[in-house]
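Annotated in TrEMBL:
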type	residues	note
BINDING	7, 8, 97, 98, 99, 163	substrate binding site
BINDING	66, 67, 68, 69, 97, 129, 196, 227, 298, 299	FMN binding site
BINDING	164	Mg(2+) binding site
DOMAIN	259-341	domain 'FMN-dependent dehydrogenase'
């Protein structure tokens with residue numbers, strides 16, 4: 001087994017079995033988003049409509065299982081079952097990094113560990129995945145080939161400098177020259193391109209630059225509230241210095257609610273996916289109320305799938321979406337667009353952060369509700 005395939009297996013084992021979460025999963029910031037209870041919602045709970053359109057598909061809920069894995073033989077069944085769950089619930093699915101396809105020179109067995117998702121779920125949006133720092137080595141045709149190989153509806157380009165800085169095999173060349181390649185990919189690849197972090201959040205500055213330079217209009221913030229990939233790589237490295245640095249920056253990043261606000265301010269007309277610790281329906285609704293369009297998660301459904309089986313993982317999604325519907329009912333939001341009009345009280349932690357970044361939270365909320 002080559003190094004990159006073995007790495008994929010290690011990642012799965014560590015994420016599922018080790019303590020790699022941000023320590024309180026940003027409890028303070030999510031608690032700071034207070035949704036106001038409406039004792040007369042004005043409609044039946046059964047009338048709540050969570051449907052939305054994404055990448056040309058009608059979804060039953062604004063939810064995405066974000067990119068997890070692929071490449072190694074052991075990941076084929078994982079991707080098949082995740083796709084079946086996504087299809088069953090009418091939600092989107094992201095694939096893990098497709099770099100193993102490149103390193104295998106498009107070996108059919110490696111491709112199949114990703115392609116199995118499309119075969120199992122032809123009725124949902126499927127998002128491919130490649131690293132920003134890998135782009136600089138690729139031509140547009142190779143990127144097209146990656147997309148076509150898995151029949152993806154879009155391509156996620158992931159940014160993971162913190163992870164790469166700790167990863168034993170890490171590539172830390174995040175020079176801006178890759179932006180020119182990204183710009184060409186956006187123009188020529190033939191499917192929408194989205195930018196995603198992997199668990200440290202997107203900042204106003206990065207989103208503004210990407211929007212201006214490349215035209216990307218879909219962002220998955222992947223904030224610092226869920227899985228810390230710095231901690232994951234800390235368990236993999238044998239280098240004591242890297243371990244020390246990982247311990248120092250294991251909680252590094254922009255918490256998800258803050259990253260949603262930064263991204264919306266930087267790119268007001270973009271589609272924003274709130275992921276990173278958005279592991280229940282309450283956090284999902286709160287994220288949508290402050291500016292996100294969709295919610296995403298990976299670890300909870302993966303852990304349930306590997307430890308408890310398919311039915312448990314599927315039930316997690318059911319619980320997630322049903323929780324969203326009930327909370328929307330209780331705040332008087334009959335459909336998703338209503339979440340931009342309901343009253344929201346924002347506490348001091350969020351308010352002070354936004355103010356210290358030079359923005360007015362009141363003006364931001366007013367902008368959302370226009």
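Glycine too: its Cβ is placed from the backbone N, Cα and C atoms.
The structure, with features from TrEMBL marked on it.
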residue	record	Cβ neighbours (10 Å)
7	substrate binding site	20
8	substrate binding site	23
66	FMN binding site	28
68	FMN binding site	24
97	substrate binding site	25
99	substrate binding site	19
163	substrate binding site	23
164	Mg(2+) binding site	20
196	FMN binding site	25
298	FMN binding site	25
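According to DSSP, the secondary structure content of the domain 'FMN-dependent dehydrogenase' (259-341) in residues is 53 helix, 9 strand, 21 coil. Taking CA atoms as the reference points, residue 8 (substrate binding site) and residue 66 (FMN binding site) are 16 Å apart. Taking 66, 68, 164, 196, 298 as the binding-site residues under consideration, the smallest Cα distance to residue 98 (substrate binding site) is found for 68. Residue 7 (substrate binding site) and residue 68 (FMN binding site) have their C-alpha atoms 13 Å apart, to the nearest angstrom.
Binding-site extent for FMN: residues 66, 67, 68, 69, 97, 129, 196, 227, 298, 299, maximum pairwise Cα distance 18 Å (rounded to the nearest whole number).
Residue 99 (substrate binding site) falls within a helical segment according to DSSP. In the predicted structure, the domain 'FMN-dependent dehydrogenase' (259-341) carries a mean pLDDT of 99. Annotation note: residue 196 (FMN binding site) sits in a strand segment as assigned by DSSP. Checking each of the binding-site residues 97, 163, 164 against residue 298 (FMN binding site) by C-alpha distance, the shortest gap belongs to 97. Counting only the Cα atoms, the space from residue 66 (FMN binding site) to residue 97 (substrate binding site) is about 11 angstrom. In this view, residue 98 (substrate binding site) is surrounded by 28 other Cβ atoms within 10 Å of its Cβ, with every protein chain counted. A separation of roughly 12 Å, to the nearest angstrom, links the Cα atoms of residue 196 (FMN binding site) and residue 97 (substrate binding site). Proximity to residue 68 (FMN binding site), judged by a C-alpha distance within 10 Å, picks out none of the binding-site residues 99, 163, 164.
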